[in-house]
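Copied over from TrEMBL, here are the features:
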{"type": "COMPBIAS", "residues": "360-371", "note": "compositional bias 'Pro residues'"}
{"type": "COMPBIAS", "residues": "380-398", "note": "compositional bias 'Basic and acidic residues'"}
{"type": "DOMAIN", "residues": "35-176", "note": "domain 'Potassium channel inwardly rectifying transmembrane'"}
{"type": "DOMAIN", "residues": "183-354", "note": "domain 'Inward rectifier potassium channel C-terminal'"}
{"type": "REGION", "residues": "340-412", "note": "region 'Disordered'"}
{"type": "REGION", "residues": "498-519", "note": "region 'Disordered'"}
{"type": "TRANSMEM", "residues": "72-93", "note": "transmembrane segment"}
{"type": "TRANSMEM", "residues": "148-171", "note": "transmembrane segment"}
Amino acid sequence: MSAIRRKFGEDYQVVNTNRIMTFSAPVKKKRQRFVEKNGRCNVQHGNLGSETSRYISDLFTTLVDLKWRWNLLIFILTYTVAWLVMASMWWVIAYIRGDLSYGGHNSSYTPCVANVYNFPSAFLFFIETEATIGYGHRYITEKCPEGIILFLFQSLLGSIVDAFLIGCMFIKMSQPKKRAETLMFSQDAVISQRDGKLCLMFRVGNLRNSHMVSAQIRCKLIKSRQTPEGEFLPLDQCELDVGFGTGADQLFLVSPLTICHEINSNSPFFDLSQRSLMNDQFEIVVILEGIVETTGMTCQARTSYTEDEVLWGHRFLPVMSLEEGFFRVDYSQFHNTFEVPTPPYSVKEQEEKSSLTSPNPLPVAPTPPSPLLKNSSRVGRRERLLSADNADHVDDQVSRLPSKLQRMSSSREEHLWRGLKTGSALPGGKASSTGDLPLSIQRLRSSSIPVVRQGHPEEQVQLLSLDGEAEESELEKHRLPTAISTIAAPTPAPVQISLVGSRPEDNLPPKLRRMNADR
C-alpha cells in the first residue's frame, strides 16, 4: 500500500483492492445471467416446429454459425462422399462397357478409361482428375462419350463444392469474434462521484496495437418490471446514456478508458441507493462495436454486470504512467479499485434533502413608489403648468403697456441683471421681494415658485425639495441663468409669498401703478 501511495500520491491513501473486504453486501445465491461475462447470450430457442426449414434456406450462414467441430465434420464428410460417389460412377461405366473383364491384358481393346479395371483404380482416377494431378497412367479415351460427359459433370460439381466449403471455412476463420478476445472489460463496475455528480463507471481496454476504427459503446439495463396497467415485462431493456448527446460514446481506444454514466433524473438509477443496491436485481449489458483496422470487418465485444458486480463508493486505480518517450499501461491494475467517500443516498434523496434544507428564496417584488412622492410630483407638475400659463398671461398684460413703460421696465431689468452679476443687493434692500422685480424676472420667479394668493390660506405651498422632483428641479436650474437659479433655489424654511391683488398690475411698484392708473 505504501508503494501505491508513492506512485499515485496522497489522493489515493485509502486503497484496498481486495473485493471481499471492501464489499460488505450479503452473499446472495448466484442467479442466471442474460449475457455471460465473455459476451455469450444465454438464450436458447425451442419449439420452432416448421420454422426450422428457414435454416436450410440460408445454408451458408447456418454453416458459418456452427461450431468448429461440426464444420470440420461436414467438410470431411462432403469431400469423402463426393469422391466415393464419383469413383463409383466411373466404376459403373467401366463395368457396363466390359472394361473390367479384360483387366487391361488385351492390348487390342480400347477401354473407356485406360488402366481402370477395378474400384480402387476408378477411385484413383477420380482423385487424379479432381486434384488435377495427372500422372498420365490413367486417362479417358475418345471411344467413350459417356466418360466425357461424366468428366464435365465432375469438373463442375467439384468447383461448386470447393467454392462452398472452402469459402465457408475462410469466412469462419476470418470472423472478428476472436478479435473481441483482445478487448477487455473490467470485472466490476463502480458507483462514485465525479465532478460533483454520482456516476456509474466501468473500464474498457484494447490489448492490441492495432486500433478499433469508429469504436462506439452502448449500455442496456436488463430488468423486469410491471407497468401501471399491470402488465409484467420480463427482462425489459432500457438504454443507459453514456454520452450519446455529447459524443462521449465515440471512443479513441488506444489506452484504457473509463466509461461514465451520469445518474440524474433521466437515469433508471435515479432512486438507487447503497441500501437498495443490495436488494435490487438488474443486469447491465455493455456492447462495444468497431471496425477492425487490419481486416475492415465489424467487431462487437459484449459483457455484463449484475448488481453483485457493482461496487458502491469505489474508483478504479490509474493504469497510465509516463516513461521516457512513451506512455506505459499497467494492465495488472486494470481490474483493481479503491474506496472513496461517497454518500450512501440516492440522487433522488439528495435532491429532496437539499430542497428541504436550502429552499429557493421567494422572488422579491419591486418596491412601488411612495404615494406621497407620486402625489407631490403630480402636484409639482400641475403647479408648473399653471405657472407657465400665468407667465403667458403676464406677457400679454405687459404687451398692452405703453412703450414708455416697456422701455422703463427693460432698463430696470438691465440694471437688476448687472446688480445680480456683480453680487450687489437690489435697490431698497428688497431683493427677495417680488414686487420690486421687473416683470420678466417676476415671470421667471413665478414659474419656479408657486404663488399663494391672499384670502386662501389652505392653498399655501411650502417650497420644499421632494425626492420625486429632484431630477426635474435640477433640469429647471440648468435651463435658467446662474443668477436666476440662485433666486429660484429652494430654501430650507418655507417661504410664503402674498400678492396684493389678483391682477398682475397689483404686483408692480407704486410709481408704475400710479402711472398705469393715470392712463
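Cβ atoms are placed via backbone N, Cα and C, with glycine included.
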The transmembrane segment (148-171): which same-chain residues, six or more beyond its ends, come within Cβ distance under 8 Å?
60, 63-64, 71, 74-75, 78-79, 82, 86, 89-90, 93, 126, 129-130, 140
For the transmembrane segment (72-93), what are the same-chain contacts with Cβ under 8 Å, counting residues 6+ beyond its ends?
63, 66, 112-113, 116, 118-119, 122-123, 125-127, 130, 144, 146-147, 150, 154, 157-158, 161, 165, 169
Its residues classified by DSSP, the domain 'Potassium channel inwardly rectifying transmembrane' (35-176) shows 91 helix, 4 strand, 47 coil
Mean pLDDT, the domain 'Inward rectifier potassium channel C-terminal' (183-354)?
93
